[in-house]
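A.B. asks: Submitted below is the structure of interest, expressed as structure tokens.
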Amino acid sequence: MKSSGTPNPTGRRFGTIYFLFFAIYGITPYLQVILRKLGYSPAAVGLFLGLFELVGIAGPIVLARKADALGRFNPFLIASGLGIILGMGLLVSVNHAIAAVIGLGFASLGLKTPVPVLDTALLRAIESDQKEGKRTPSYGLMRGIGSIGFVIVTLIVQFTPGFETSAPIVMAAVMAFLSCVFLVALKWLPETGDGTDHKTRQKVSFGWIDSTFLLGLAVIVLGRVAMAPVNSFFSLYLVESLKWHAIGAMSALGATVEIPMMMLAWRYMSKRSPMQAISLASVAIVLRLLTYALVPTKTGAIVGQLLHSLCYGLFQPATVAFVNLKTPPSERTTGMAILLGIGMGFPAFIGSALGGLVVEWAGYRWLFASFSVFAMGSLALYFSKRSLLNLVR
């Protein structure tokens, strides 16, 4: 098996798609701002963003399963890009709670579905290249390229005069434009599905899920609940608590420090189990949240963002590695969708909905401090079952 950080033709194509897709995510830190500009309270923002994540639970699981059944991935990527455009258009053009829920639902499907589909398509391409003796693209490098796309967009909008104070329709239009570029680029993405309709022989089965998988998923869920305040309220914390209009810069900082860690994470896990990596990331999550809570300054915000290298740069590849190791090849898209939905979407929903209430009752500092308990719970569960969880490697 030949593996290299230098992309082969498959790697270049996937790298381009990851870059353009996560460039769209460069506008997502402003979703909180868009909702506030539309007149919603912090509690309502938390609820809306929670529903946004809730749709990301069932939707990608169902759609990813459908992609497995049809043996094709690219049509679902195309539908995702269109969903983002439709959802954001509805959100900002009809200022009503119902329109916000529906619009965020379409946007969630568009933003969440490509992640398990792209990851599975890439992993299948890597396996195919390995069988043919070709140099294989690195998953960590591909995700790192995606992070670069995110960083570039966040920096551009950060230093675009007036963007943060612009109307919601302007922010939505930028996201729609980036989605259009992503859709055009999909023309050059190779289809790694086998093109065979498996509906007649593939039945819905989750028999491969065992107690170890569920324990690992629980560890992941607790860690993701702890991170919910950062993902859903950090932008508002900067603007409303620190009076610092640096959403793009701080998002770019976090994404920049995650890139080298994503590339090094696989080397780290070659000597240790994915769950050991997740436990290290959970320690970083505790430190990050307590830094925001105890050091409510610009310096504290910067230090917290630097810890994003571990909180996401190590955590994300480790969760993908754990699921990849525990999931049969024929069920890998479903496994990745379960990770995205139950392992990330569900805890984000709980954290966002609960976090909005905590902000209104006690403020942002108590929000961060109280949610560090979930990361501590993740660590406690891991150490109580580490002999079993560390066998997955």
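Glycine residues also receive a Cβ, built from the backbone N, Cα and C atoms like all the rest.
According to TrEMBL, the record shows the following:
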DOMAIN    204-393  domain 'Major facilitator superfamily (MFS) profile'
TRANSMEM  12-31  transmembrane segment
TRANSMEM  43-64  transmembrane segment
TRANSMEM  76-92  transmembrane segment
TRANSMEM  98-118  transmembrane segment
TRANSMEM  139-159  transmembrane segment
TRANSMEM  165-186  transmembrane segment
TRANSMEM  206-226  transmembrane segment
TRANSMEM  246-265  transmembrane segment
TRANSMEM  277-295  transmembrane segment
TRANSMEM  301-325  transmembrane segment
TRANSMEM  337-358  transmembrane segment
TRANSMEM  364-383  transmembrane segment
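Describe each of these features in terms of where it is and what it packs against.
C.D. replies: Taking Cβ pairs closer than 8 Å, the transmembrane segment (12-31) reaches residues 49, 52, 77, 84, 111, 114, 118, 121-122, 125, 137, 141-143, 145-154, 156-157, 164, 171, 174-175, 178-179, 181-182, 185-186, 188-190, 234-235, 247-248, 251 in its own chain, all 6 or more past its ends.
Same-chain residues lying 6+ beyond the ends of the transmembrane segment (43-64) with a Cβ under 8 Å from its Cβ atoms: 31-32, 35-36, 76, 97, 100-101, 104-105, 107-109, 111-113, 115-117, 120, 232-233, 236, 333-334, 336-338, 340-342, 344-346, 348-357, 359-360.
For the transmembrane segment (165-186), the list of distant contacts is 16-17, 20-21, 23-24, 26-28, 30, 33-34, 37-38, 74, 77-78, 81-82, 84-85, 88-89, 91-93, 110, 153, 157: same-chain residues at least six beyond its ends, Cβ to Cβ under 8 Å.
Counting same-chain residues at least six beyond the ends of the transmembrane segment (246-265), those with a Cβ under 8 angstroms from any Cβ of the stretch are 5, 26, 29-30, 33, 138, 140-141, 143-144, 147-148, 150-151, 154-159, 163-164, 234-235, 238-239, 277, 298, 301-302, 305-306, 308-310, 312-314, 316-318.
Sequence-distant contacts of the transmembrane segment (277-295) (same chain, at least 6 residues past either end, Cβ-Cβ under 8 Å): 219-220, 222-223, 226-227, 229-230, 234, 237, 265, 268-269, 301, 303-304, 307-312, 314-315, 317-319, 321-322, 364-366, 368-369, 371-372, 375-376, 378-379, 382-383, 386.
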A.B. asks: Any chance you could find the range in 76-92, 98-118, 206-226, 364-383 with the most Cβ pairs under 8 Å to the transmembrane segment (337-358)?
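C.D. replies: Selected stretch: 206-226, with the most Cβ pairs under 8 Å.
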A.B. asks: Which whole number is the mean pLDDT over the domain 'Major facilitator superfamily (MFS) profile' (204-393)?
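C.D. replies: Mean pLDDT across the domain 'Major facilitator superfamily (MFS) profile' (204-393) comes out at 90.
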A.B. asks: May I ask for the residues of the chain that lie six or more residues beyond the transmembrane segment (364-383) and have a Cβ under 8 Å from a Cβ within it?
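C.D. replies: Sequence-remote neighbours of the transmembrane segment (364-383) are 215, 218-220, 222-223, 225-230, 233, 236-237, 240-241, 275, 278-279, 282-283, 285-286, 289-290, 292-294, 296, 351, 355, 358, 389.
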